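Asks: Please read through the structure below; I'll follow up with questions.
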2 protein chains.
Amino acid sequence: MNELSQKNLKKKITLLLFHLVYFSSNNVSDLCVSQEFLRGRPKEIPHNEKLLSLKFESLDYDNIENQLFLDEERRMSYMGFRCLEISRWVICALIGFLTGLIACFIDIVVEQVAKVKYNVIKENIETFTEAGGLSISLILWAVLNCSFVIVGAILVAFFEPIAAGSGIPQIKCYLNGVKIPRVVRLKTLVVKVCGVICSVVGGLAVGKEGPMIHSGGVVAAGVSQGRSTSLKRDFKIFEYFRRDTEKRDFVSAGAAAGVSAAFGAPVGGVLFSLEEGASFWNQMLTWRIFFASMISTFTLNFVLSVYHKKPGELSNPGLINFGRFESDVNTSITCFTLFGRVQAELLLCLMSAVLFCRYVHRPCLQVMEATLVAAVTAAVSFTMIYFSNDCQPLAPDNTEVYQLQLFCADGEYNSMATAFFNTPEKSVTSLFHDQPGTYNPLTLGLFTLTYFFLACWTYGLAVSAGVFIPSLLIGAAWGRLCGILLASIFSSSSTWADPGKYALIGAAAQLGGIVRMTLSLTVILVEATGNVTYGLPIMLVLMTSKIVGDYFQEGLYDIHIKLQSVPFLHWEAPATSHWLTAREVMSSPVTCLNKIEKVGTIVDILSNTSTNHNGFPVVVQVMEGDVPAKLCGLILRSQLIVLLKHKVFVELARSRLTQRKLLLKDFRDAYPRFPPIQSIHVSQDERECMMDLTEFMNPTPYTVPQETSLPRVFKLFRALGLRHLVVVDDENRVVGLVSRKDLARYHLGKHGLEELHLAQT
Amino acid sequence: MNELSQKNLKKKITLLLFHLVYFSSNNVSDLCVSQEFLRGRPKEIPHNEKLLSLKFESLDYDNIENQLFLDEERRMSYMGFRCLEISRWVICALIGFLTGLIACFIDIVVEQVAKVKYNVIKENIETFTEAGGLSISLILWAVLNCSFVIVGAILVAFFEPIAAGSGIPQIKCYLNGVKIPRVVRLKTLVVKVCGVICSVVGGLAVGKEGPMIHSGGVVAAGVSQGRSTSLKRDFKIFEYFRRDTEKRDFVSAGAAAGVSAAFGAPVGGVLFSLEEGASFWNQMLTWRIFFASMISTFTLNFVLSVYHKKPGELSNPGLINFGRFESDVNTSITCFTLFGRVQAELLLCLMSAVLFCRYVHRPCLQVMEATLVAAVTAAVSFTMIYFSNDCQPLAPDNTEVYQLQLFCADGEYNSMATAFFNTPEKSVTSLFHDQPGTYNPLTLGLFTLTYFFLACWTYGLAVSAGVFIPSLLIGAAWGRLCGILLASIFSSSSTWADPGKYALIGAAAQLGGIVRMTLSLTVILVEATGNVTYGLPIMLVLMTSKIVGDYFQEGLYDIHIKLQSVPFLHWEAPATSHWLTAREVMSSPVTCLNKIEKVGTIVDILSNTSTNHNGFPVVVQVMEGDVPAKLCGLILRSQLIVLLKHKVFVELARSRLTQRKLLLKDFRDAYPRFPPIQSIHVSQDERECMMDLTEFMNPTPYTVPQETSLPRVFKLFRALGLRHLVVVDDENRVVGLVSRKDLARYHLGKHGLEELHLAQT
């Protein structure tokens, strides 16, 4: 095992260097495939963007308007709907509140533990600087870092692998309508929170902002259901919301609350949710999301102000705060001069994106890799600080940062240490706000370079960590460097004076190039900056970085999603897909059920692992031959399973008059973890019984004729968040079924429209 | 005529007073009905919210994917689509640029003319203060104001009545999918721009921000079509965009650019478009809208900076600028203390909303009314200034405002005059920023009261004017008053010191209560304030004013739309409408056409004014009896008219082999003003010909079964922006047709679900 991992690591490093040098073909899939090939291990996760995985199921965003549902809705009075509406608002308030609290918890714990850690190391370094045994300090630093990271990595790798990374791609997929297993569970949340604390304290090149978005989503999914399946507690509240449609809305509110807590940007949070997730824009929903975001920022603000012993001082929202920027900058000049630079920035982003491709999948290897990264990070940081001779005079008031004197004269500190020997958030703020001359160009250049490679290597480790802060940090360092250089070239003009502003613009460009959001990121950055005057340059830079970046490669999250082979539906069908019609796209033949069907047939169909369908058109009568039958409804696997579990058979209903009628509640209780068909025992006698599906099927599924073009099918599917779309002929007979995978298969490649292959993994 | 108008005015004033005193039943329709009744005139416009007008047609947001369209799309290469995408971006840039220029034009003209006007009056007043003949100054003031307003009112009333008001409700309807006649024409734009200059210079209690949104929309509609029907110029470009789907997208970009220019709020503009208009959120579209908004702000900024002789100084964007706010306010306390006040504020908003109900419709009367209002405004302002004894010492640097000395001592000025003797924008800024003590409470109270009634009376006059600035002004005065009162109560604490901040919060509350936007208005106000720290209190106030306000009455724009009986589709179907199905909602029987139909039949159907249908399901074969036939397509009135005009008859095609095939271009050339059926001559021989609709009909219209519930139909209709939805039975035979009016009919009233009546007017 040990040998294998060593071999792996060696190969990995070779590859890394190889691809850095021969960076001509920046194609993720090629890189991944070659890695797979070199390693010679069997594929565990289909790391291939040319495939579309079949293991991901869709969520049911379309309400199943069957008899039971309609009866319930019709029974409900206007007051009932008002109460529901009020409980939605209450839930949003709770989501915001809890998300804010979690953010506080992470922030306070990280700050306290990091303080202890850095103080211990600082004392140690100060002791050994004079005594002359700094290697002991290095070892202490590395050991401390590694121990934190090991804990975090073990938690993630062994307990909940889905908690790795920032969780933003997963939330994005969820909001798009893909059911990523275990993504909104309580366990994931706990592991995520502990993991992110460990990895930030462990000194990795990561941030704690990204995971907040995932945490918010989990909180939302938990609160809105009024129960926890993990804890086996059901509070018997909010039962109405136990379906995918409602849950999705709350998860988008949770994600917004997460952004809002992380950056102190409530409007940015709403826009994030809408830009990344929701396709159907509903005014009321937006307001609820906005409400959740506001509550979240407010809670965080309030608790932190109490913690910092200034209760009521709410002017510093968010986990990361860019500090106050002076607004007397001549922004127009700043932004135009940066246009050229953005391109260089973007090439770097590309590299980061490409290198973010991981291939270690065994838990213990993952833990070892994380530990190694932590140790290397500490070693590199230490080396950089050790060999740096950029000494700066101590500012008297700057007590928040840990300033290392090291070999500098008394009353001076090591400038490189400000960047490395700090939590990344504080380094960012320091790069934005420190006086001109605080960093010399060499320090910044070296820092950018090393941190860039560290961030690349760190991304995708089995730890909970975000990519926002490292991107901001790299961008800020780059930006400041450019600012200093420009200032030295145009030394006559005073507008070039403050390199902190270049740092801000550089950070925006870097982050924009990596995540490729424009509207929401603009608002987030403006809200974090606290000064609207910077809006225009930030916008211009983000728009440019988006346009330039898209020319080369997709954004990081999209690459991540593609690597996972998730059937993700984009906003529109590929432009040149008009020549495809529903007839070509649909899956056919379709497994149909009769309105009154034999139990045995249903069990056999559900147990058939080779097809594993989830939606079944219900037809009036299946003919003997190949003649299709008239559509009269649609029923889901999950519904059939509940029906089988409760043995809702026609014969039983006739014989036992007292039998309880199946209610919507029974479906809700089973939601969302419906048992597999194997766990339901159906005796041989029961197999001969009949089941009447009339009451439970959706009698009005959406249909399209066979001649409908793919863009039209796509629009219907995307706008309504469908899971199944029945294709019928001109006599309303079922001829096919379109599902998410059928649509996600088509994408625009280099040679026009390409079709992805479907894989069972 | 004169007598009649006098009588009318008398009655009107009586009514106004009556309703102010007996304000118990704040029901717009009651008020309007009673007015109708008192006046005893025949109804000209159905001012009744219990009716739904049939005169408004819907827009076709659903692409008609007929043979021609699909052929064109399939012929187009990937590069072709890229070019289209690029031209979309170019159009958005143009929209932003032109909207910005228009905003500059309005701003500069208003500023210059107002400067001349106020200086003339000021000199006159200064002359006569000593000489003692101030009534001459009053007359001069009134005459100057009236002459401007008369010009504006004549333009609006006689040339383009649709240009009256802010145009926001009209744009809202357009984006919702209702075709408001003449709303996006060039003539409307010209009248709007001239009208708004006249009314602002004429000293009415109006703003120039609202009309910018409408102007942006018109610019967008014009630019995107690459031609002007009014000017009879066709530039032969952008022909692909000549359909409702594309035009709508551009109009939403235009509206956003308008907001962006008006308030210097690009993000707010995007959110306005999305919150008020678009139902289907498309990422690419949003980015284009954002781009247009950015260009618009940037253009405005740049041109104004050149005009103000500070080129490149881009820190004061927008037509209205709130000035720079200090950020050291303890915002938490401010916002909480304002909660209680918001309610009072809101009651006032209600009043304004209710009184905004107009009933003078003859052009000459409208002009006279506008003149009267202008004269009264001048007289009231003058009286207020005359009787005010609030003298304040002159600030040395405040040269921008026109300060009247009047009866004050030398080195002092009349404080009431700062509020009244000024363009409203400057009054707002002055209320926000002037030192504590600049206004005494009595001045503010009187100002609020008079300006409130003036604004109420002015709203709905036949002039182009917005309601944003009057609302802000009233709110700011109220807010400042409260700030002063609070400061005098809690004189010990220093946090109550600055009444300017209360003015800001008051302005936000008042505006929020009137227009009832939350997300977009928050962003607009934050962007106009230029300080994110105020975000949280503004949000809280807007949310509260929205919740409190909705309890009493809808927002102003919604009331406006209801009064016009526009079939406006809200975001969701009424909550308690699940018991309605498509069968009850649909119009039936439907006029169907055969695939190959006799020309005479088509002409007769189209000429039938009693039905006036716009969409016709095409069926395989109409049976003899009442048996419905199988659906095979849908064709629009506009398409049939083009076909008739070009005489695309089967017989002709057979006889003349060289006949030109009808192209998509022919439909695009006729768009959007299709000729009426009466203008097309069809001879008796031609009536016997046949027409083959196969190639032109949409072969895949969306359908629903009869049992579909109303919310489900609504969702499909709204999400896809449909115009016609065919209801079919289980054998795909046409049984009915759902159109916008069928869905807009149902709304939640006091007694549950109510059905509006349809009226031909």
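Using N, Cα and C of the backbone, Cβ positions are placed for all residues, glycine too.
Heads up, TrEMBL stuff is auto-annotated, nobody curated it.
Checked TrEMBL, it gives:
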type     : residues  : note
TRANSMEM : A:86-110  : transmembrane segment
TRANSMEM : A:131-159 : transmembrane segment
TRANSMEM : A:250-273 : transmembrane segment
TRANSMEM : A:285-307 : transmembrane segment
TRANSMEM : A:367-387 : transmembrane segment
TRANSMEM : A:442-462 : transmembrane segment
TRANSMEM : A:468-490 : transmembrane segment
TRANSMEM : A:532-552 : transmembrane segment
DOMAIN   : A:697-755 : domain 'CBS'
Asks: Grab the same-chain neighbours of the transmembrane segment (A:131-159) for me: Cβ-Cβ under 8 Å, and only residues 6 or more beyond its ends, written as numbers and ranges.
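Replies: Counting only partners 6 or more residues beyond its ends, the transmembrane segment (A:131-159) has Cβ contacts under 8 Å with 117, 120-121, 124-125, 187, 191, 194-199, 201-204, 363-364, 366-367, 370-371, 373-375, 377-379, 381-382, 386, 461-464.
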Asks: Determine which recorded stretch among A:86-110, A:285-307, A:442-462, A:532-552 has the most C-beta pairs below 8 angstroms with the transmembrane segment (A:250-273).
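Replies: Ranked by Cβ pairs under 8 Å, first place goes to A:285-307.
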Asks: Given the transmembrane segment (A:86-110), which of the listed stretches A:285-307, A:442-462, A:532-552 has the most Cβ pairs that are under 8 Å apart from it?
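Replies: Most Cβ pairs under 8 Å with the transmembrane segment (A:86-110) come from A:285-307.
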Asks: Restricting to the domain 'CBS' (A:697-755), what is the model's mean pLDDT?
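Replies: Across the domain 'CBS' (A:697-755), the average pLDDT comes out at 88.
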Asks: Can you work out which residues elsewhere in the same chain, 6+ from the ends of the transmembrane segment (A:285-307), have a Cβ less than 8 Å from its Cβ atoms?
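Replies: Sequence-distant neighbours of the transmembrane segment (A:285-307): 88-89, 92-93, 95-97, 99-101, 103-104, 107-108, 216, 220, 249, 252-254, 256-261, 264-267, 269-270, 273-274, 278, 313-314, 316-319.
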Asks: Determine how many residues of the domain 'CBS' (A:697-755) DSSP places in helix, in strand and in coil.
Replies: 16 helix, 25 strand, 18 coil
